[in-house]
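Participant: Sharing a structure here in structure tokens format.
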Amino acid sequence: MADAIALERLGHAYEGRAVLQDLSVQVPCGRFFVIIGPNGSGKTTLLKLMAHLLPLQKGHLTVMGRAVGRFGARQLARTIAYVPQSVPATFAFTVFQVVMMGRAPHLGMLGIEGAKDLDLGRQAMQLAGVADLAERRLDQLSGGERQRVFIARAICQQPAIMLLDEPTAALDPAHQVRVMDLMERLKTEQGITVVMVSHDLNLAAMYADLVLLLHKGHTAGLGPPGKVLDYAILEEVYGCPLVVDKSPLGDYPRVHLVPGRYMRTP
Amino acid sequence: MNGTVPKAGLARRLIVVALVLTAILISVMYIGLAVGSAGGGWRAVLQILIGSDEAHLLHDIIWRLRLPRVLLAALLGATLSLGGMVFQALLRNPLAEPYILGVSGGAAIGAIVGILLGLSRFPGVWMMAFAGSLATLGVLFLMAAGRTMLRANTLLLSGVMVNAFCAAVIMFLVSMAQDSRLHNIIFWLMGDLGNATLGNTAILAATVLPCFILIFARSHAMNLLALGSDMARTMGVNVGATTVLLLAVTSLMVSATVSYCGLVGFVGLVIPHMLRLVLGPDHRVLTVACILGGAAFMVLCDVLARTLPPHGEIPVGVISAMIGAPLFIYLLRRSKGVDHG
């Protein structure tokens, strides 16, 4: 299968401080790809590089088999949608207006939408479960609602690849599962490649086809959750004791944190 | 399908807003032509405008004095309102106004030097003011360029500092001025439409109208930019080029206008806010509304500036702030739970 995104010897540094080093990773089309790793391991930087939000400093990055630099801005926006961690709500746009902005790369300069675009916007809102919020103002929504609105906007963009930066971080368990289920549905029903940064090892275990474990800008593990979420690897990367067993729900690992009181002091 | 989902229809919304505001603008302009110290008459204006009564007493007054002045007021209001809207969108700061990048300070220094040198209002003082504002913009862009280029806060702080420095220079120049020139300087600083001619207004129009069109063309990009530059970029906006284009075009049209009319304050801050409160934040609608609504507001202010005092006139900037501030507070209180538009 072709690769949706392929990195070759990718490196990135902020003001001389290396954040990513010599990273070679392929994200196959139509997979659920989760990037995990400790704080500061370069997850968000990697996602932003994939979204072409940061200039490529070292190495190669291809999207759908084509060098990312050879895409025009609008062309790339028709291929990749990006959902950041948080979005400023400076002006009081309604939910529907924000969702319809996702059509921008498909429309003319003024973004005047046709009946087909309006239908796509409604469908996207239904999928993300925000249809009943359509006329509400963005600045009056809760964090979780706002996150789902931006996911609806990304769906409305009709991308081949969707990049999400910790979309479940601010959500309660019910909404976490809903967002993850939605991503899985987009993957299976529409063949969208989902690339997600997450801090939640168990969500990664439950949903990911492939997990990339980053550690200080290097690949510490890459493969199916069962292979990467190994306690020896995780303990070394995260620097804390962890217990990994099998999930009672299915064939994937389950990761437990270990409170300090269970640790015997020498 | 869910009943709460709207049938948007932006095109229709645009047309309705444009038609309503155009009707208001034309009515206000008609009032502007019909009233004045030389007297008026509703029907006389129409006869003179369509040319059926060239012998009328008011013929020259309307063609030479009132029409240029009304048109200039309309251009001024449209430019300042639209300029304020663009800066509020780009800097993501509701307190931004068209003078925020130091345009006003530079223009004022140029104009005052021009007045002190005894230059005529047009083109002498105008050219000096225009050169002054372009110079401050140049300084500002040089200061903001480099690593932190075009960061909203860098630009804002640089603009505030440029304006503060210019204010000191203005105070110095005013303190050195002779009484005879002082009146001219103060009227210029407060905004003055008294010297309009059809020719000059046409030159100004030829400068600012293309700017209006460019800004309208990037109005949807401003919507996307409201979600942050990362989001805008991933929706296909060339953020750097769009920001530079909008800043340059807006600064240019505001410079050209205030250099001619003086520093009319407040309109650029308040009209975009008012329209946003009423019409919502979509910049495609707001661009059209700011042009037409800002023009109508300024023409109305000018009518009051000309007619309220029994002798002479009040600077139009005084009127615009006196009406604008209370009106804005009323609208703000009426729309509960709004942080800033």
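Every residue gets a Cβ built from N, Cα and C, even glycine.
Just so you know, TrEMBL annotations never went through curation; they're auto-generated.
Quick caveat, the model's predicted, so the values are computed rather than measured.
Okay, these came from TrEMBL:
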type     : residues  : note
TRANSMEM : B:14-33   : transmembrane segment
TRANSMEM : B:70-91   : transmembrane segment
TRANSMEM : B:98-119  : transmembrane segment
TRANSMEM : B:125-143 : transmembrane segment
TRANSMEM : B:155-177 : transmembrane segment
TRANSMEM : B:197-217 : transmembrane segment
TRANSMEM : B:237-256 : transmembrane segment
TRANSMEM : B:262-279 : transmembrane segment
TRANSMEM : B:286-308 : transmembrane segment
TRANSMEM : B:314-332 : transmembrane segment
Participant: Do we see three or more Cβ pairs under 8 Å linking the transmembrane segment (B:286-308) and the transmembrane segment (B:197-217), pairs being at least 6 apart in sequence?
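Facilitator: Contact confirmed: at least 3 Cβ pairs fall under 8 Å.
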Participant: With an 8 Å cut-off on Cβ pairs and a sequence gap of 6 or more, do the transmembrane segment (B:237-256) and the transmembrane segment (B:125-143) reach 3 or more such pairs?
Facilitator: yes
Participant: Mind checking which residues of the chain, 6+ beyond the ends of the transmembrane segment (B:262-279), have their Cβ under 8 Å from one of its Cβ atoms?
Facilitator: 17, 76-77, 80-85, 87-88, 94-99, 104, 107-108, 111, 187-192, 254, 285-286, 289-290, 293-294, 297-298, 315-317, 320-321, 324-325, 327-328, 331-332, 335, 338, 340-341
Participant: Who are the chain neighbours of the transmembrane segment (B:125-143) in space, where the CB to CB distance is under 8 Å and they lie at least 6 residues beyond its ends?
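Facilitator: Hits for the transmembrane segment (B:125-143): 101-111, 113-115, 117, 119, 155, 158-159, 162, 166, 188, 200, 251, 254-256, 258-260.
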Participant: If you count Cβ pairs under 8 Å, which stretch among B:70-91, B:98-119, B:314-332 touches the transmembrane segment (B:14-33) the most?
Facilitator: B:70-91
Participant: At a C-beta cut-off of under 8 Å, are there same-chain residues at least 6 beyond the transmembrane segment (B:98-119) that contact it? List them, or none.
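Facilitator: For the transmembrane segment (B:98-119), the list is 79-80, 83-84, 87, 91, 125, 127-137, 139-140, 155-156, 158-160, 162-163, 165-167, 169-170, 173-174, 176-177, 181, 184-185, 188-189, 247, 250-251, 254-255, 258-259, 262-263, 265, 268.
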Participant: Please give the sequence-distant neighbours of the transmembrane segment (B:70-91): residues at least 6 beyond its ends with Cβ less than 8 Å from one of its Cβ atoms.
Facilitator: 25, 29, 32-33, 97-98, 100-101, 152, 155-156, 193, 196, 198, 200-201, 204-205, 208, 211-212, 215, 222, 225-226, 243, 246-247, 250, 253-254, 256-258, 260-261, 264, 267-273, 275, 283, 286-287, 290-299, 301-302, 316
